[in-house]
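For 45, 46, 67, 155, the entry in TrEMBL reads substrate binding site. The annotation domain 'Aspartate/glutamate/uridylate kinase' is assigned in TrEMBL to 9-233. The feature site 'Transition state stabilizer' is assigned by TrEMBL to 11, 217.
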Ligand SMILES: Nc1ncnc2c1ncn2[C@@H]1O[C@H](COP(=O)(O)OP(=O)(O)O)[C@@H](O)[C@H]1O
Ligand SMILES: CC(=O)N[C@@H](CCC(=O)OP(=O)(O)O)C(=O)O
């Protein structure tokens, strides 16, 4: 990877932004990182979505780490993520917050409408828009609601969205979450896997030690590698210094193609 790679897509997960202190810490680390290389931030916001659903008396459930999304839930997801998008771009400064529906940034299709409702996967990324912003020295902060061919919103898991952006841009991807990486014996942090091959990931899913929210993350990491991303790392957004260490390949779990 060299001292630093050329550019990086950072997926910022909702669990690592639960408190204002955490958010400020990650914003500081991202600000330092982008002094070294161009950075695109793709964010989720599961806990913020949960709060908004509760406030409105709505509920949703997860299947394989994906939120089953009725049209009403879709509206609430979009509202919560749009607000967060503005807050995160403001935290970072010199950044523009965009949703996947802006300028066709993320275009997608429904994954399995019968089981999952309006959950989507990304088919096309407007990389010209991202490169234009990066070329102007502005950091794009992307919320993971895509647009479908029917013009309506799609709820894309933020890991999936980040993996798609990394693949389309041909850049590496760092997934910031609330664990140090992938544990072989979850939740024992001593069992952190420094690297995992595709076959090991498949074995982990089959044997059940990779589950829940880790499923879309490893899936997105492997898809990004397959699409040409030079690296994919899953690391903690909760520990100060992790972003720089992970960018140097010295923290987290690195997925191998
Ligand atoms: N083998 C594993 N190693 C680490 N975490 C795991 C593993 N299997 C499942 N997980 C779960 O995945 C979670 C991270 O995914 P998620 O909750 O979706 O976070 P984020 O909001 O960052 O996307 C961890 O908090 C943990 O509960
Ligand atoms: C389809 C699907 O599951 N979408 C996610 C989008 C947000 C997300 O992924 O947030 P985190 O990164 O914090 O998990 C959801 O509705 O929760």
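Quick reminder: no glycine exception, Cβ is built from N, Cα and C everywhere.
Sequence-distant contacts of residue 155 (substrate binding site), defined as residues of its own chain at least six apart whose C-beta falls under 8 angstroms from its C-beta, comprise 67, 69, 73, 74, 77, 78, 117, 118, 119, 120, 144, 145. Per-residue confidence over the domain 'Aspartate/glutamate/uridylate kinase' (9-233) averages out at a pLDDT of 96. Each of the recorded positions 11, 67, 217 was assessed for Cβ neighbours inside 10 Å, and the highest tally belongs to 11.
Taking a Cβ distance under 6 Å to any atom of ligand 1 as the criterion, the recorded positions 11, 45, 155 reduce to none. Candidate binding-site residues: 45, 46. Fewest other C-beta atoms within 10 angstroms, 46. Contact annotation for recorded positions (46, 155, 217) versus ligand 2: 46, 155, each with CB under 6 Å from a ligand atom.
Residues 45, 46, 67, 155, recorded as contacting substrate, have a largest CA-CA distance of 12 Å. Straight-line distance linking the Cα atoms of residue 46 (substrate binding site) and residue 11 (site 'Transition state stabilizer'), rounded to a whole number, equals 13 Å. Residue 217 (site 'Transition state stabilizer') carries a helical DSSP state (H, G or I). Apart from the site residues 45, 46, 67, 155, the chain places the Cβ of 14, 44, 49, 77, 80, 81, 144, 157, 158 no farther than 8 Å from the centroid of the site's Cβ atoms, the recorded substrate location.
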